Every structure is written in C-alpha cells, then in structure tokens.
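Per TrEMBL, these features apply:
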- C:1-29: region 'Disordered' (REGION)
- C:16-26: compositional bias 'Basic and acidic residues' (COMPBIAS)
- C:363-395: domain '4Fe-4S ferredoxin-type' (DOMAIN)
- C:C385, C:C414, C:C417, C:C420: [4Fe-4S] cluster 2 binding site (BINDING)
- C:405-434: domain '4Fe-4S ferredoxin-type' (DOMAIN)
- C:471-524: region 'Disordered' (REGION)
- C:471-500: compositional bias 'Basic and acidic residues' (COMPBIAS)
Amino acid sequence: MEGLSDVLHGLSGCLAFVGYAPWALPQSGGFCRPRGRKTAQNRWHRKCNFAPQRPDVPATGWPLRPLGVPVEYVLILISTTLVNNIVLVKFLGLCPLMGVSSNLSAAWGMSLATTFVLTLSALASWLIEHWLLVPLHIEFLRILSFILVIAATVQFTEGLVRKASPALHKSLGIYLPLITTNCAVLGVALLNITQEHNLSESLVYGFGSAVGFSVVMVMFAGLRERLALATVPALFSGAPISLVTAGVLSLVFMGFGGMI
Amino acid sequence: MNSITHELPLRAAPHAHDRSSVDRIMLKVCLALSPATAYGLYLFGWPAIILFVVTLLAAVATEALCLRLAGLPLQRLLDGSALLTGWLYAATLPPWAPWWIGAGGVAFGLIVGKHLYGGIGQNLFNPAMLARVAVLISFPVQLTTWVNPMPLGSELAPGFVDALAIIFANADYAAHLSAAPSGVDAMTGASWLGASKVAVGAGTDVGQWLAADFPLTAAFSGHIRGSLGETSALLILVGGLWLIWARVISWHIPASMLGMLSLCAWLASHFNGHLFPGPLFQLTTGAAMLGAFFIATDYVTSPASATGKLLFGAGCGLLLFTIRSWGSFPEGVAFAVLFMNALTPLIDRFIKPRAYGRTLGGKTLKHSDMRKIV
Amino acid sequence: MFAPRLFGSGKIRGGVHPDGRKDATSDRPILTNLPLPSRLYVPLNQHSGDDALPLVRPGDRVLKGQLIGKASGRVSASIHAPTSGTVLAIEAVTMPHPSGLPAMAVIIEPDGDDRWIEIPTPPDPFSLDPDVLASKVEEAGVVGMGGAIFPAAIKLRQGRRFEIQTLIINGSECEPFLTTDDRLMQERADEIVEGTRLIRKIIEAYRAVIAIEDNKPAAIAAIQAAANKVGAIEVMVVPAHYPMGSAKQLIQAVTGLEVPAGKRSNDIGVLVHNVATAWAIQQALVYGKPLLSRVTTVAGACVAQPQNVEVLFGTPIEHVFKVCGGLTGVPARLLMGGPMMGQILPSLDVPIIKGSSGVLALSKAEVNAHTSSPCIRCARCVDACPMGLVPLEMARNSRADKLDAAQEFGLRDCILCGSCAYVCPSHIPLVQYFEYAKGELADRRSSQQKQEYTKGLIDARKERLEQERLAKEAAKAAKEAAKAAKDAARAAAKAEKEAAQAKTQHPESTTTSPADNCVREEQP
Amino acid sequence: MLTATLVLTLMGLILGGLLGLASRAFASNDDNPLVKEVESMLPGSQCGQCGLPGCGPAAEAIVNGTAAVTCCPPGGRALAESLAKKLDIDISTLGAAAVPQLAVINAEQCTGCTRCYKACPTDAIVGASKQLHSVISAACTGCSQCVAACPEDCISLQAETLSLTTWHWHKPEAA
C-alpha cells in the first residue's frame, strides 16, 4: 500500500506535464525542448522560469516549474533516463552493465561511482572545452584532454571508494578503474559539446545519463539475481543470456521512443 | 525388523494436497479467454480463425521442439502454458495478419522469451508480449493494418478459400472488394488508439472528435476495429472477473492497473480535454482490459506479494498511459507490461508481506505495539 | 487500515481448509484397556531435550508407574514403566522418525498383571503451593501432548516467572483425520476443565480460555457444560481453519496479539497448553498418576476400524493397528501425527510415544502426491502462509543453497505447517526444502559454535605454552642468578659453559613438564 | 602546437598534483584490511591443511584469490559460505566444500605414546603416558596434525555419524 501511495505521489509530479503539453505536443508530436533557445525571449523565459506566452495555445494555468526546476531540465532528465537511455538506447557503457551487474549491491555501488564520475566529468569537460580549448583554438585536443580529466576523476573516486568501503572496492574490482574507459563517460562529455549544452544543461545531462545508467544497472542486477537461480540451458548460461536480456530490455525501452 | 516400503517416494510433510495443478490453472485461463476470443473470431471471420489456429499450432510445435532439445518429457506440453502464450499473442494480433506474423512471432516469444531462460516458470519477461513487441518493431505495417468487423455469414465476410488467400498468400481482399460493383467503403483503417493519436497530431480537439465519432457502446461490447481477441471489453471483463472469482488470479493487478490508467486519463482529460481522451476511451480500446486481466497477471513475471502486485499494476497503468499519450506507438500495453516485468525481481526483493510477529521492515514486533490493542 | 492487518482481527492470516476427514473417528468412543503387546519399547527420550537417565537394569522387575528414566539436564522429562513386567534390555531401537535412526529404549516384557506401584493418595491439589504442583507435574513426566512434547513443568515454571494474562487451552485440533482432542473433550470434559483450573492456579493467570474449533460442536457442548459447573473458565469457539491449532495462530485468534518474532508467548502474557496436557496434569495432580498412556487416533483408508485408542507408551504401531482390525492394504503413507505435519514412519515396529497424536495409514488417493513440476510463481503459497512469508522464494533459494537469502524471505519464522505445499499447483515439496535449509543452518550454527570453542582452546593452549615458557625462563634466570651468587668466585668461563648446558636441556624439559600431564589427566 | 603541448602538460601537472593531495587525504594502510578480517574468521589452528603455512598466509591467499574460499577443511561449509559472502564470490561454481571430520583413535593399536596430544592444537586428545588416548569430539577440528604425529598410524579421520538430533531432511530431487 505504501508503494502505491509513493507512485501516486510521483504521479502528481508527472501529471504536471499535462499542463505543459498542450502547446508542445501539436507542433512536435511530443514533449519538446523549446527550440531556438539562444533568442532573447528564451533567455528571458529561462530567467523567469515561465514559458513564452503563445497566443494560439489555450492557457492552462499550470505553472511551468512543476518540480521546482525549469521544465527543460526535467525534460533532459527524463530524456536521458528513459527515452534516450545511455545504455539501452545509445548502447554506451555496456561493459560495466555486463561486468558488475551480477549482484544488486555491487551494481548499486557501481552506479553510485559512475554517477559521481559522470556528473563530475561532464562538468569538468565543459569547463575545459569552453575555458581552455575554445579560447586557445585547440579543439583537436578534445578527446585527449577529456580522457585525462576523466582518468583523474576516476582515480579520485577509486581512492574514495577504497577508503570508504574496502569490500565494495574488492567487489567492483577491475571495473572501477575501467570507468575511465567507460564509453558512457566520454560519450556524455562529447555529446554535451555536440548538442551545445550550456554549463547547467551539461551538468543535468551528465547526471541524467548517470541516473539512466543506474536505473538500468539496478534493474538488470535484479533480473540477473533471479537468473542466477534459473536453470538456463548450458549453451546460454552466463554472458549469453545476460546479453539476450539486455537486448530485450533495449526492445522495451523503445516503447518510450518519440516522447521527447 | 518389520520395515515397510513406502509406495511413494519419501517426502517431508504435508501428506495431503488440495488437488490443484498447473494444467488446471492454465485451462481455466483459456476458458476465461474463450468468450472474447470466440467473439473476435466470429467478428473477423475465417481469416482470423485460420490465423488463430496457425498461431496455436505453432506455439505447441515450438514448445514441443524446445522440450525435446532440452531433454524434458513431452508431457510438459500438457501443462498448457505454451497454448496460453500462443492464445494471448494471437489475441493481440490484427485479425487478418499474415500467417508468418502469428507463427514466427510466437516461436520467437517461446524460444527467446521462455526456453532460453530455462522454460516454464523461469522466464523474466512475458513471452507473448515479448513476441508482440519484437514483431511490432520489425513489421510495423502488418501490425497496424486493421479490418472492419465482418462477422461470419455477413455479406462482405470472406469465405474459407478467400481467407486462406488472405492469411497465406497475403491477398489484398480489400482492393478486391472495392473493385466489386457493389462498391464498399474503406475496409481497413487505423485502430481507434491510432486514430486518436493522428487526431491529436493534426490539432483536432480530441474531446469533440471522440464525442462525435467514437462508438463507446460498440467498443465496450466489441463490435469495433481492433485486435483479434481484445475488441470486446465486456467479454474480457466477464472472463477476468470469473478468474478472480475462481481464485486463479488476484484482484490486485487488474484493479490497480485499470485504476491507475483511469485516474491518469481522468485527470488528464479533466485538465485538458482537447488533447487527452477520457478514461472510458482508454479502458475500452486497445489491449487495456486484456492486459489488465490476462497479460499483466501472468504469474511468472509479476510480483508475489499483494503490495507488490498493487505497485506492479499501478506501474503498468501509469506506463500505459504515458506511452499512449506521448510515445510514438499508439498502444503501450506490451511495453508497459514488459517494463514492469523487468522491475518485478526488484519489487519481489524489496516488497515482502509483513511476517507474523514482525514489522513491515522485518524487525521484531515490540511490546509497545502489542499493548495498544490490549 | 493497517491496524487489523498488523495486529489481527481475531482471525488468522493465510491458512488453508483441508478436507477434515474426521467423521470416521469423531463419533466413536475412545477404546481403552487394550490387550497388552508382547513387548513394550519405551524410549528414554520422548520429549524435546536431553535423554532421561535409565534407572533400571536388564532383568529388573518393574511395576506400572515406576520411574524407569530420570530427567537429566536442563530440559528433560521423566519416563515411567507403562505396565508391570520385566526389563529385557536397554538398547537402541528404531524411533518413530523419518530417518529410521535408532535411540535408546527400555524394553519391557509385560507380565500381564498390569500391577500398579503404590501411589499414596495425594492431598487436594487446590490446597497446595503452585511450586509444589509444578514439581508434581514434573515428577509425573508430563510433556506437551499437542505435538511440541516440551516438558510441561518447565513451561509452567516459565509461566510463573512472567505475568500471564491469558491461559489458552488448545482444543482446536486442526489437522485432518485427528480427533484425539475432540474425543477427549467429549468424554473427559470435567477432567480437562479441572486440569485447566489447576494450570491456571499454578501460573496464576488472569483469564483461562478453552479454544475449540467450530467444527467440533459435541466437544464444545461438553466442555461448555463442564465449564458452567465451575465457572470462570471461558469457552471460545474459533473458526475451523488450518493451522488454527498452532500456538502462534491460536494466540492471534484468541487474543488478537502476535508473538514477536524469536520470542515466546510468555513475553506477551499468554500461555498455551493442549487439552490432552490439561488432562494429563489433572491426572498427575489429582490422582498422582504419572503419564503412561495417551489417546491416539488410528485412521486412514487403509485401517479396517478407524477409531481413537488409549495406548501405553512403547506399544509398537503394529499392535495398535491389530487392535483396530489391521491394515486393509499397503498404505501409501504411514504417518505419525496428522497428514499436514506428521512424520513418515520407517517401520511398523516403532513405538507410540508421548507425542503420538495419531497413527495414520493413508491411501494413495488421500495423499494425492504427484511428481513436482517447476514453480510457476503463482504465489498461492504466499497467500496461504499463515506467517506472512514468501515460501516460493524460500524454496528457490534453499534449493540453490542460498540460505541467507532464504532466511531473508522468512525461513527463520517458518513454522513448517505445510499450508504452502498443500496448495502448490506444481506439487513442489516446499516444506522439505525448508526442513533441509533449517537443518543445514543448524549444522552451520553448530560448526560455527564449535569453531569459536576450538579457537578459544587454541588461544588457551598458546597462552599456556607461553606461560610455561616464561615460567621456565624465569626459573632458569633465578637458578642462574642463584648460581652466579653462589659461585661468584668461580671463573667467568665456567659460568658460561653451564649456561650453555642449561640451554640445550631446555626444549626437552618443556615437553615433559609434569604439570602439563597433570592437567590433561584430569580431563574426562 | 606549443600551446597544445603546454596546455596538456599543465593539465597533467595540475591533475597529478590534485590526485597526490587526494591520495594523501584518503591514505589507508597498505595492508588490505580485508586480510585481517578474513584471518579472524579462519579457525586459527594453523593446521596447514589448505596447503599454506598457517591461517595468516591462508587469509592473504584467499583475499588475493590464489586460494579458494573452500580451502579450509576444519572451517567446513559454514566458513566457506561466510567467506564467499564477505568477498562477494559465487561459491556454487567452486564445488563442494571440504567436509569437517573427526579424529578417531584405534584403541587396539594405541600405545599411549602421548605424541598425538602434544601435537593437538585444541587439546582435544586426552590420556596419559602408556594409557589409551581418546578424542573429545566436541573439541576436535579434524586438523589431522595428530594423524601425522602418530608413530603407530592408528589415528584416522572420519566424518561425524548422524544422530536423531543432527539428522535433517535431504534436499528434494530437482523438479
């Protein structure tokens, strides 16, 4: 019963989008970020956190800060967690998904570590791009310098985890330093640049991708814990059935397609 | 020593049983499905009957093959689970879909969705819905072509031979009919869910459009364009309620799924009736009813505890509403159910019934808790 | 809305309604004064706890009611000779237990006289001190007759230490087939009510309730009539619902309270005794009779004349069946206890013991066993569990030896009532998984304890060796110092040589330390 | 080009410096704390049946993964399970853990030489010189040191026998 009330609570937040949708849907067929956000009008709207008034749209009276944050950030969050999930839709970060998802606690630890690294590196890479590479016209160093920053963040995280929980450190094993080469981390940093996100959007995008990664990790770990007790045919036991399951999950996430 | 040989293998207690069995459960589910399916078969004529039979045969054949490969006794076929998977899958298909959609889809569902995971009871996802999603994504055209109801024996209904051509040779019966001198209106069209989506996209006021065009009574009774076995909300409701009464399924998932869907639809249409159809439309179209009573309630892939079931159903309802309202697919039952299937292990792990003598969190009940009621 | 679910509303959760099948025996009177068997095999452990110590030797003559096994250890119960005769042997005999493992028993050849040992007429028990009464119950060897076989006196003494609000006398015999309590209540209602009053006096309970299931109208009427004569004893009718006879569930049904996990009913001020125990306590206190026999239901489709019989402990099952007309065929299952929680019997030679509430010879149709098929997670077991556990997950994890996970899903709270396996459409032997897992966990606990114990031994030994070494060194140093003082005048070279000699002797002297030997020999 | 080189060098230096500071802040002893935890879980009889010279090195080997968690016969399955849980290892693939055993002295051959009880790390063997020795089963870890010490070859290791209190139902045959 408590579960239900939680869902209802969450629902009330989600329903707030209903008010947003009326003018967004007809033009784009779904949730959409207002385009042309470099215009003065949009700057203003971001500052005031109100949508530009459109005469052709019936007024709904819904405030446009349903969860206390500007709608576009929420949209980025939803987009990155579900619709354009970094793992199941963009197929980045499959290595830890396969490697560290055999039990829930390790998957949770990995999710936290990755969330930390992803968010931090999204921030750091944006700063490096816009404060260092662009002013000095050395954008060709982008990948190299991003990797450097990511590696440093991971190193930092590893020290942190080792100090905080030796057992978690042990169970994450090689996958912790391998976050460095987790394509999701570099991918998000680069996507932030190509999608011309500003600093706060980059941060939300990084965090949202990490949440998406964590959702899939935890979900997948739950499935694998159940799989561990199943009598999977020998031919498919282990990695094959996990990959099949990941494939099915990816199929399922296609259901969210077209929302944003 | 006067030792005796027990006729039966040594087992711990209990040495009594209530005579329930898996095959009896599956039989009851099939029985509950049959009114709606029979009506669908009547409504869409011979092609639907052929598609239905082909799908069921393919299901049984696939199951037999998999059991054989797994080295399991073929008696397992008698548990009826494959038949039920085939039945549910066929019920969600457009009634005149080509035979390979039915046979191939159910084979995919049973092999990938069930037997790769070790067979009955061990699958993580609902095989019928997995089949449907895979086929929907791979063959969107075939899966979104709906015929108008043409009851057996009616003037326009194709005969058996025509039906064979439609299902096996992909004959364009509609074109054939409209070329006929009598002249017939469009035979096929979008499903009502698809139509509503198109209407929204075109900027039509959905509320007015539905009020003018949508035949609510027909949708409830089932005389409407739609999938083979899910047009009649009434008959599905009857079958589902009987299943609850027969204690085959519990009320939790259907109630919370339909409740959540209705709640979302009501709130949305209340605040914005131009864009969102109301709960009656949501409940009577598509696979909402079938999904709530027969698909989401699949034992293997839904949670075990009552609270878990409520949560699972509510999740299905919410996702269904979300996908129907904003997704690019007009219908979302399969996606919603599969997504919640994926969450089921987590729900089962974290939401357990309260044990006797313990709090919900698993701690020992305190003396003070007791005194309250003394 | 949680309140009724959390704390019960007078009913119990889950449970099942198995086919009662009590009609065959519930209307037939208890058959008493059975012919004596040629041998009685009286086990020295018919209770939970430690074996009783045998007080007789082979060849001894014993009288009916004579103490032949003395309670020994913290939890134990006395054993008395069920009839007069000669002790033939004290040896290991197959027990009524599915393992078929043997345990020590006193084998008595009855002389046919059935002569009682002299019992002094006891004083009016209502005039005695409760502690004296408890000791008398202990002397009589009374144990819980409902199946728990826990020594009754210990339970009574524990009850005295707590403030008991409610005494519940359990007359809700929920197992199918069994009607021993039912018949006992119909035929010996006055004794049971008197026993209830005595127990109440001992534990000083505020309230005494005799709880009977609503499918036993004759028993309810008899007990009600007997209780009306004395007053102050409540008769409560509870719904017939398996496992209503389980103490925890009955407490919930009668008081609305739940026994906190891992605690005893004492902790919430409730004490439960079976009606048969109440009868045995009454016999012990009013007549001074020790517990020598019990009423047992003999039933099942393979029994010619199913009925209740009053059997002496130690009587072989075969004899009991013979009294009831013999077996009509090979039983599919031979059980001691009811079909829901009873134990498979390994042989017809095993004796009736204090906990034998029934002896069943079931036909195949009654057992309705099938080969199990995979779990389909239908969760009917979850709905049926009266303890609110998740049997399907417990079994799945037990099967994979993930015992910690099985514990998490409720293994530790499982009462093994069998409701889950009864309703399982896949016929999975869930209870056997739980029995297995609980047994493994017990093994693990004991090996853990042993490891801790041996670790202590290792440390103690290390310390002892270290101390011996230090003592030796100190002695050597003292000796050297003394020598140095004594032979101060001698040359330094000679002293060094002596020191070197002492060093070479050192290892040998350590190993043959007389003190060391002494310590060892004292050990048993 | 120069800018690029400089920038990368600078970044490397700065990040390296920061990491150095961080590693000082998060400094933990070089010994893996897990080793100590694992060693405290092992029986401590230093019996060497695992093939390693005592419980300390065994703990290290177990943590490093060079020894299986099932390697300790005196600890038995209970120890293997708890170690596996601690180290997050899947025990099911490692096969059956060693079964704990008890030493049994053959009374006919025993000469009462006392060597076995001197060797016993848990003082589980009692007896005096020139008299029959016997094993206290409650204290015997089955470490087999007495077997090695016995000059008469009269000590053997045997699995414990079942009794009514230690028996339990076997696992049902898989469905």
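Using N, Cα and C of the backbone, Cβ positions are placed for all residues, glycine too.
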- Note on the structure: The correct DSSP tally for the domain '4Fe-4S ferredoxin-type' (C:405-434) reads 17 helix, 0 strand, 13 coil
- Message: Within a 10 Å radius around the Cβ, which one of these binding-site residues has the most neighbouring Cβ atoms: C:C414, C:C420?
- Response: C:C420
- Query: Looking only at Cβ atoms, how many others are within 10 Å of the one on C:C385 ([4Fe-4S] cluster 2 binding site)?
  - Reply: 29
- Message: Please count the residues of the compositional bias 'Basic and acidic residues' (C:471-500) that DSSP assigns to helix (H, G, I), strand (E, B) and coil.
- Response: 25 helix, 0 strand, 5 coil
- pLDDT averaged over the residues of the domain '4Fe-4S ferredoxin-type' (C:363-395): 91
- Message: Taking only same-chain residues 6+ apart in sequence, whose CB is under 8 Å from that of C:C417 ([4Fe-4S] cluster 2 binding site), what do you get?
- Response: C:Y242, C:P243, C:S246, C:M340, C:M341, C:P386, C:M387
- Query: Within 8 Å of the Cβ centre of C:C385, C:C414, C:C417, C:C420, which other residues of the chain have their Cβ, at the recorded [4Fe-4S] cluster 2 site?
  - Reply: C:G14, C:C381, C:A384, C:P386, C:M387, C:L389, C:P391, C:I415, C:L416, C:G418, C:S419, C:L430, C:V431, C:F434
- Task: Over the span of the domain '4Fe-4S ferredoxin-type' (C:363-395), count residues by DSSP class, listing helix, strand and coil in order.
- Result: 14 helix, 0 strand, 19 coil
